[in-house]
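Here's what Swiss-Prot has on this protein:
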type: BINDING; residues: 1, 189, 191, 225; note: Mn(2+) binding site
type: DOMAIN; residues: 1-254; note: domain 'Pyruvate carboxyltransferase'
type: REGION; residues: 379-502; note: region 'Regulatory domain'
């Protein structure tokens, strides 16, 4: 279901990689494709079926004979699999989409179940748009489906219309009014159109549902599906009131989220619950102080429990002395090595001007007593880039290093930005590794600015750089020069500390 959100279909290799990640994280059942939809999807289901051993695989099918046959044949290499059949049951869908009455819908559903039982005894049936289906009709079709062998009854909130107490009401009615409901598991499949997919899923658990369908990062059609990692951690953290558990390997959550984000080319919003970059970061001085004293003060989840290990305190003008001292301590400095009052005063001035401050900025303030802007050693005076049709790019630059001007050029097949970076490196000769490159549009139209953020590793330490210009190549060059100045600044601090030790 998550693939419906993507602008382009995933390759077989990418789908297999995701399936292996889901197996490693410990999902009970994974829906690996819709085999009838395309030859490529049929092939991917075949290949995944041969490689997944610890999770049960499942394929989707309409109540159409060829769909069901394709699903069964595609998964035939697996020893244990499920066929998931779906059919709309709401009056709206029956009348305007299917042009059928409810009696015909029941007949179609029963036919499909009987066909699927030729391949496996594990059948799941989704009453599409169940949340807008009359409760009488829903109870009636569910009873007949279970009678004919369906083991999992899925109740989808197909358009994300339901609120938690409504879905809870539906589940409770099924448990109370369907006499053979004990022979099946009730599942829910929620969409996030009103932002309630996770809340609805939790409400369904409390009402008696025992299978939750979702996707990692909530990827899905329109506003997305239930974010699986959010439901998982809600169950873990609030087991006291939910009274259920999962077989999930929690430490794989963060890693799995990042891999799927990368494969699907769908960035994770910073404020995304559980896996967002800000999920365990703290900017307020009061919060930072509280977290440093005891992380439970402001963190209900131990970040390491999901594979996110490092405590992240953002150094901004809202940060207090505790955060500054924490960063200095992390870099190996004792309280007696610097004056916290002077450092904090200088830090606030820099934070007001710069926005976010980094560890190497603190070092400069503490031991050189100058703002980083005053320590700019490198200044890009000129650059020119030429790219030709054979893929080669040549960059020529003039870089002022202190009082001396250097001229350098570089040719590469990796594009104009790489050509500039190589030319800069020839002059500065810092052994750096580019770890992250991000381009962000600032504004719209021809006057829009491109902001480039880069992250560099130098001598096992991270350095950040930002560049802003109307041309992204110029932004990229400025970002690298910014990084080089930060590295040079850190080197000056090291020299100063070595002198103090003599």
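Each residue, glycine too, has its Cβ placed from N, Cα and C.
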Quiz item: What three-state class does DSSP give residue 1 (Mn(2+) binding site)?
Solution: coil
Quiz item: Between 0 and 100, where does the mean pLDDT of the region 'Regulatory domain' (379-502) sit?
Solution: 87
Quiz item: Apart from 1, 189, 191, 225, which residues in this chain have a Cβ no more than 8 Å from the mean position of the Cβ atoms of those residues at the Mn(2+) site?
Solution: 156, 158, 190, 197, 213, 214, 215, 220, 221, 224, 226
Practice problem: Give the helix, strand or coil assignment DSSP yields for residue 189 (Mn(2+) binding site). | Solution: strand
